[in-house]
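A.B. asks: What follows is a structure written as structure tokens; I'll ask about it next.
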Amino acid sequence: MNTAPFIAIEGPIGAGKTTLATMLSQKFGFPMINEIVEDNPYLDKFYDNIKEWSFQLEMFFLCHRYKQLEDTSDHFLKKGQPVIADYHIYKNVIFAERTLSPHQLEKYKKIYHLLTDDLPKPNFIIYIKASLPTLLHRIEKRGRPFEKKIETSYLEQLISDYEVAIKQLQEADPELTVLTVDGDSKDFVLNKSDFERIAAHVKELIV
């Protein structure tokens, strides 16, 4: 069990997870864990051929996130220091279930549980829920070359997958707090009041 608040920002590709996590980290002075996306050597290949490279991609992410969370537990959470992350480790399962073959998925889930069962889990999730047009606009705006290859149908599937996953996480942990942010109507970057409403919920958690 965590000895300190562990906050995860989640949502589909382009929802604004890292942006919001960074803003909250700066406001409250929390250490931040952010996933290393562009350093994944399989990412560009993955969007060229999802079937061929999905297992390698997901294993890279899993191992990298495992190390991050292990270090975070030792250096911060066990010492009572709140932490914010721009992902929940369960996102590995969300993406793996979407892209891996049944045979690969069976192997992957065994490794996933072996690595993550004793890792700290977030006790507060901020879920940024956004529609396809919003995600496409934000993906285009940030201009990552490999994301230009993302198919619209893949994003649509992820939107649905995230809805299911958030419900699963809540059912698995009744004490988990989930704050859903409407990413279509709320602009926490340009509208200070939208950000402050989110920050107020975080403040309630840590006082």
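Don't overthink the numbers, they just go from 1 along the chain as shown.
Glycine too: its Cβ is placed from the backbone N, Cα and C atoms.
The shown structure was predicted, so the numbers you read here are calculated from the model rather than taken from an experiment.
Summarising the annotation, Swiss-Prot assigns active site, proton acceptor to Asp86 and lists sequence analysis as the type of evidence. The ATP binding site feature in Swiss-Prot is assigned to Gly11, Pro12, Ile13, Gly14, Ala15, Gly16, Lys17, Thr18, Thr19. Annotation source Swiss-Prot lists substrate binding site at Glu35, Tyr47, Glu147, citing similarity to another entry.
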A.B. asks: Which chain neighbours of the ATP site, leaving out Gly11, Pro12, Ile13, Gly14, Ala15, Gly16, Lys17, Thr18, Thr19, have a Cβ atom within 8 Å of the mean position of the site's Cβ atoms?
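C.D. replies: For the ATP site, the extra neighbours are Ile9, Leu20, Ile128, Ala130, Leu135, Arg138, Gly183.
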A.B. asks: Fewest other Cβ atoms within 10 Å: which of the binding-site residues Ile13, Ala15 wins that one? Let me know.
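C.D. replies: The binding-site residues Ile13, Ala15 were compared, and Ile13 has the fewest Cβ atoms within 10 Å.
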A.B. asks: Enter the number of other CB atoms within 10 angstroms of the CB of Lys17 (ATP binding site).
C.D. replies: 25
A.B. asks: Would you find the one among the recorded positions Glu35, Asp86, Glu147 whose Cβ has the most company, meaning other Cβ atoms within 10 Å?
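C.D. replies: Per the Cβ count within 10 Å, the most buried is Asp86.
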A.B. asks: Within 10 Å of Glu147 (substrate binding site) (Cα-Cα), which of the recorded positions Gly11, Ile13, Ala15, Lys17, Thr19, Asp86?
C.D. replies: Ile13
A.B. asks: Give me the Cα-Cα distance between Gly11 (ATP binding site) and Asp86 (active site, proton acceptor), rounded to a whole Å.
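C.D. replies: With distance taken Cα to Cα, Asp86 (active site, proton acceptor) is 9 Å from Gly11 (ATP binding site).
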A.B. asks: Say you check the Cα of Tyr47 (substrate binding site) against those of the recorded positions Ile13, Ala15, Lys17, Thr19, Asp86; which is nearest?
C.D. replies: Ile13
A.B. asks: Could you give the Cα-Cα distance between Asp86 (active site, proton acceptor) and Lys17 (ATP binding site), in whole Å?
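C.D. replies: The separation of the Cα atoms works out to 5 Å.
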A.B. asks: If I take the alpha carbons of Ala15 (ATP binding site) and Glu35 (substrate binding site), what is the distance between them in whole Å?
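C.D. replies: So the Cα of Glu35 (substrate binding site) lies 15 Å away from that of Ala15 (ATP binding site).
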A.B. asks: Provide the number of Cβ atoms within 10 Å of the Cβ of Tyr47 (substrate binding site), excluding the reference atom itself.
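C.D. replies: So the number of other Cβ atoms within 10 Å of Tyr47 (substrate binding site) is 18.
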